[in-house]
Amino acid sequence: MGCWTFSAATSALIVSCYVHSLAFTNIKTNFCKWCDSSSPRCENNVCTSNCNFSSFCAMSEEICVAVWKQDNESVSVRTLCHHPQETLENIMVSNYSTTQCVMVQQSSDEGTVYICGCVEDHECNDMLVFDKHSNGYLKLQSKEVIPVVVISLLPPVLVAIISTLAFYLYRTRHQNKQPKDWPPKRTHYQSLDLPKNNTDYNGKPLTIMDDGHSDVSSTCANNINHNTELLPIELDTVVGKGRFADVWRARLNHNASGQYETVAVKIFPSVEYSSWKNERKIFSDINLKHESVLQFLTAEERGTGPQKQYWLITAYHSLGNLQDYLTSHVLTWRELHSVAGSVVRGVAHLHSDYTACGAPKIPIAHRDLKSTNIVMKSKTECVLCDFGLALRLDLSLTVDDFANSGQVGTARYMAPEVLESRVNLEDLESFKQMDVYSMALVLWEMASRCDVIGDVKGYEPPFGSKVCEQPCVESMRDLVLRDRGRPDIPSSWLVHQGMKFLCSTIVECWDHDPEARLTAHCVEERFNSMGQEGYEDILNNNNQHTSSPACPELRKPSSSAQEPKPLEDKAAVRLVTEV
């Protein structure tokens, strides 16, 4: 009897444990995006949170929530799991029983705030749906407020129109009375001088050129428009699309007679304000001006509200970016030497502490150097552009400031230490050496399309046959870190002495150890040496010269075949990955 009682009790205990276990396995929680702050990407009335982190909710009652905030300068989204019976920022979440996250406007003292909730669909708070009648993705005014605003704005608008008309009539009559022997007045936006012998007023485009006759030396200062009025620009056609902005070819009109210059206009949407602000700050440095850096004219803010745009206006070059040019052109050795040299000089100028005129400057790390961010100025010269991710290496900044700048760039061109998210932030040279690695890949791209290597194949980007068209960071980690992979340099390339010298320089620039790489200034010295009389034989493929010029700036011997020296913990900071 006692044995039977013990057996029955044991069976009951086992059944109870099974039931509890089964109940635990049937607990269902929502899987939500979870970021304290991210910059959304929008198209029409639908936005994505642009959050890279997700998590299961701790409780089955919790729902996926997104909080949208907008102020005068930026838009941010917060995503998380939240219990619907509790307040979130003093607001109760409503309409959360669907799989779509439909944004509902809430009253707040912190600017425009929208909140949405959703359930049952994985990461349902990633896609944010706004009212289709909200003029884009934000409803600015209700039907009751719009008439009041229109009536209140009518008087100042009329005054502005009358004032503008009066000013126009005054200026027109004043110009008609001007004596014929007076030279025409120069407007503020005409900061880029046109060659007199190339001036064409018959409706043909006039491309911005640096002709050497301007009042400011082309190598010592930047051409910046200080006029507070918007430039008279007519957009023509889209010539490029990037992650943050579109690039347009446009006409900068000078007067009513039809004279104009062709310029490039890079247009950022309102959600990419931070990228525009950073690139404007880089371009606004008067010491950035250089023959191998895209010529900058001015930056402007246009429009209002959600339709607000941010413009960067620069010189326009009709040959397009380097990658497109290499796709359709094969370079001669002299063209390769000249084009590659202009890239090297541009990077060396960014990294330098001084301008060509000897004035002190703050070094700049480009951090997204690639062939699509280089524009062909002519068949033998190109310029660096796209400084949206560039970083000023200011000594006043702290290690934390550099760490917060994040892991940025294009995965295909990322240096090993960037892919590994371990960068020596206490040494500003580390940021320069990332650029040197990327520059080596660009030099390889140009070398692969030169007619002295033998059989010139169709254009391929670096690692083209080893990874997909747009490889992710994880794929590049496996290839560059684990396998120590680099683009191939066939033995046929080394027959030509100049190409052999270039390939040797490329290999030293993409060394796995950043401290073993050449500096941009050292590479510039090598290219300058090739143009001197003593190295003319290299250009002519004379076998008597087979060694590379020495470089005093090389900091330590190459260690490509060795394991990279690990950085000390105190000198290495793990960066936040931005995929």
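Here the Cβ of each residue, glycine as well, is placed from N, Cα and C on the backbone.
Values in this document were obtained by computation on a predicted structure and should not be read as measured data.
Annotation source TrEMBL lists disulfide bond at CYS32-CYS64 (among others). Of all Cβ atoms in the shown protein chains, 29 besides its own fall within 10 Å of the Cβ of CYS32 (disulfide bond).
The annotation disulfide bond is assigned in TrEMBL to CYS35-CYS51 (among others). Cβ-based neighbour count (10 Å, all protein chains) for CYS35 (disulfide bond) stands at 17.
The disulfide bond annotation in TrEMBL covers CYS42-CYS47 (among others).
The Cβ neighbour count for CYS81 (disulfide bond), using a 10 Å radius and every protein chain shown, is 21. Under the heading disulfide bond, TrEMBL lists CYS57-CYS81 (among others).
Neighbours of CYS116 (disulfide bond), defined as other CB atoms within 10 A of its CB across all chains, total 26. Annotation comment: TrEMBL describes CYS101-CYS116 (among others) as disulfide bond.
All protein chains considered, the CB of CYS124 (disulfide bond) has 23 other CB atoms within 10 Å. The disulfide bond annotation in TrEMBL covers CYS118-CYS124 (among others).
Marked as domain 'Protein kinase' by TrEMBL: 233-527. Over the domain 'Protein kinase' (233-527) the predicted model carries a mean pLDDT of 92.
Taking Cβ-Cβ distances under 8 Å and a sequence separation of 6 or more, the neighbours of ASP368 (active site, proton acceptor) in its chain are ASP386, GLY388, LEU389, ALA390, VAL408, GLY409, THR410, TYR413, SER438. The active site, proton acceptor annotation in TrEMBL covers ASP368.
Marked as compositional bias 'Polar residues' by TrEMBL: 539-549.
Every protein chain considered, the tally of other Cβ atoms within 10 Å of the Cβ of CYS47 (disulfide bond) stands at 26. Ranked by CA distance from CYS32 (disulfide bond), the disulfide-bonded residues CYS42, CYS116, CYS118 have CYS118 at the top as the closest. Note: the Cα of CYS42 (disulfide bond) and the Cα of CYS101 (disulfide bond) are spaced 14 Å from each other. Checking each of the disulfide-bonded residues (CYS35, CYS47, CYS57, CYS64, CYS101) against CYS118 (disulfide bond), the C-alpha distance stays within 10 Å for CYS64, CYS101. The Cβ of CYS64 (disulfide bond) lies under 8 Å from the Cβ of ASN30, PHE31, CYS32, LYS33, CYS57, THR79, CYS81, CYS101, GLY117, CYS118, VAL119, GLU123, CYS124, ASN125, each of which sits 6+ residues away along the same chain. CYS35 (disulfide bond) sits 15 Å from CYS116 (disulfide bond), taking the CA atoms of both as reference points.
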